[in-house]
């Protein structure tokens, strides 16, 4: 038989509670990142013996597929002439500056440039300056200011486009063609031959690629940063402007005239923008 003392010991053990065990734990919510803080996701290190000069910032930016402005934004301590770059030091090449979140659903320049990214509704509507997620309206080219879209840095939100207007493209409610006056629209006066500067232009059939010819480099170009020609032989397209100027930079307007390099984009022949016979891109 089990003794009474053993049963009493077992009962006491079952109800015993040690003061420092099984205490509740509350997870603390992580504090939001401070607006303006640089959140770096990847760094590169300048070698101890690597040559450092005025061009090093541009070389690093090109190597990692970012703009020079992005490099300076990610590394605010670097002088704009790159004079204080140091060997054996790491610099940020992937990351972002923590923006002001549109926690109340209001966004854009009317609301301290609050961003919709990181909120449930990720597109900032330039008509209402409110966050939304409609593909036909809030996130559409020409309406979406920023967020889950290419935004106002690529597409015009006021109907003005082309080289006189930061080389903005047309789309959505403004039409998909930019004429040489820098105005978005549709129809022959905007998309027709001799009128269309960029966008869904009416092109001669001779400019269309052969079936199965691969990427439309004649339209989008191969340049990652707006440079063209030179040692790398980048070609221009609608995003940076279809013409490669004398300084090996893509553009429109004057870039298509005197000094225009026919190997790396379109040039003006007196009546139309056309490719030269020596064009190096893919075209029929």
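Cβ coordinates are placed from backbone N, Cα and C, and glycine is handled just like the others.
Annotations in TrEMBL come from automatic prediction, not curation.
Features of the protein shown, as given by TrEMBL:
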SIGNAL    1-19  signal peptide
DOMAIN    47-93  domain 'LysM'
DOMAIN    158-203  domain 'Chitin-binding type-1'
DISULFID  177-191  disulfide bond
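Neighbour counts of Cβ atoms within 10 Å were compared across the disulfide-bonded residues 177, 191; the minimum falls on 191. Look at the domain 'Chitin-binding type-1' (158-203): DSSP puts its residues at 10 helix, 14 strand, 22 coil.
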